[in-house]
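In Swiss-Prot this protein carries:
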BINDING   21, 22, 26, 165, 167, 313, 340  3-phosphoshikimate binding site
BINDING   21, 93, 121, 167, 344, 386  phosphoenolpyruvate binding site
ACT_SITE  313  active site, proton acceptor
């Protein structure tokens, strides 16, 4: 599907976005191995999160409901059953990486696969710690999906992440739930901590301090009533749209503002963005609030180190924004983007050039000069949801009608993206 986007006169209105993708995955998985029912409201509508539901159902978990409301009938740590066939993770790296930690502890063998894009994404980062815990995992070419996971009794380990990754951290912690003793994960740079918050919410004994997370194995997890905050990564596209287009004033309600994710807002405010958060509330251990944003002239800057890790999913749309700043934007330490749904460094640069923007690709990032004009163009999502949405935002500031090729890629995380954009773009 191709989508035509006209320049916007302004981005205005008040919107509520679908549930956070990262939190939805975690709630579905933990609810399945908790005892009793968990009611999940505002579950993500994205295809990735429904891949997780499909996998849990295949493992014998009854999940009722539809749309954004589900009840997961948990069976406890030892309640999963061997699936009748292979598990399908679709396009979801979160599903295959995090769920593998649970599968590694099961008394049966599981084969889990994904689509063509996921089949190109390396899995050594989860295979190594799980092997140390006692699991046997076979992979295509020793690193790519499908994975064949021979589960069994696991041992607790003390593991240091070689690079920051919330998915790998979660995989090890999920495996640690089934091991006797304490499993410790040390991360070089703080990554999003939704897993730690959710595990505590379900009753796990877990401590986190100075980059070290320690989990006591074999806890009794208890089902909960849960509300998923709106996804800040989805909000990022509309925040950037409002910042880019003159005369814009936008309100986004009920957004998850976990400090490990809100670095995006701190970055933008530091660049001069007119962003307000009138009040914060706590919901299932997660902070939520309303974001108010207006068109702003931004200075630009450098994204590197821990900041890069904190905004890794938002870098495609931040790259678009960088071209409109006064000083431009330099992004470093983002090599992880090379192994996302696409090589996001290459696909961002390719589409920026179509936009008429000068951009330089580096081994682990991008250099984007500022004060550049956007022209109408035909953009290609290359099947990557974040690329599709980032360049739809770019098109709002173009000098004519643009086309997003393969626009349906957005449905992986945000099926309502196009209708929401039409509602707020004047």
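The backbone N, Cα and C atoms fix where each Cβ goes, and this holds for glycine too.
Sequence features annotated in Swiss-Prot and their locations in the structure.
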residue: 21; record: 3-phosphoshikimate binding site; Cβ neighbours (10 Å): 26
residue: 22; record: 3-phosphoshikimate binding site; Cβ neighbours (10 Å): 27
residue: 26; record: 3-phosphoshikimate binding site; Cβ neighbours (10 Å): 27
residue: 93; record: phosphoenolpyruvate binding site; Cβ neighbours (10 Å): 20
residue: 121; record: phosphoenolpyruvate binding site; Cβ neighbours (10 Å): 17
residue: 167; record: 3-phosphoshikimate binding site; Cβ neighbours (10 Å): 21
residue: 313; record: 3-phosphoshikimate binding site; Cβ neighbours (10 Å): 23
residue: 340; record: 3-phosphoshikimate binding site; Cβ neighbours (10 Å): 20
residue: 344; record: phosphoenolpyruvate binding site; Cβ neighbours (10 Å): 25
residue: 386; record: phosphoenolpyruvate binding site; Cβ neighbours (10 Å): 28
Please report how many Å separate the Cα atom of residue 165 (3-phosphoshikimate binding site) from that of residue 93 (phosphoenolpyruvate binding site), as a whole number. 12
Would you work out the biggest C-alpha to C-alpha distance among 21, 22, 26, 165, 167, 313, 340, the residues that bind 3-phosphoshikimate according to the record, and give it in angstrom as a whole number? 20
Within 10 Å of residue 313 (3-phosphoshikimate binding site) by C-alpha distance: pick out those among the binding-site residues 93, 121, 386, and say none if nothing qualifies. 386
Taking only the CA atoms, the spacing between residue 121 (phosphoenolpyruvate binding site) and residue 340 (3-phosphoshikimate binding site), expressed in whole angstrom, is 7
Residue 93 (phosphoenolpyruvate binding site) and residue 167 (3-phosphoshikimate binding site), Cα-Cα, nearest whole angstrom: 8
Looking at the binding-site residues 21, 22, 26, 340, which ones sit with their CA no more than 10 Å from the CA of residue 93 (phosphoenolpyruvate binding site)? 340
Helix, strand or coil at residue 21 (3-phosphoshikimate binding site), per DSSP? helix
Length of the line joining the Cα atoms of residue 26 (3-phosphoshikimate binding site) and residue 344 (phosphoenolpyruvate binding site), in Å: 25
Specify the nearest of the binding-site residues 21, 22, 340 to residue 386 (phosphoenolpyruvate binding site), where nearness means the distance between Cα atoms. 340
Residue 121 (phosphoenolpyruvate binding site) falls, by three-state DSSP, under coil
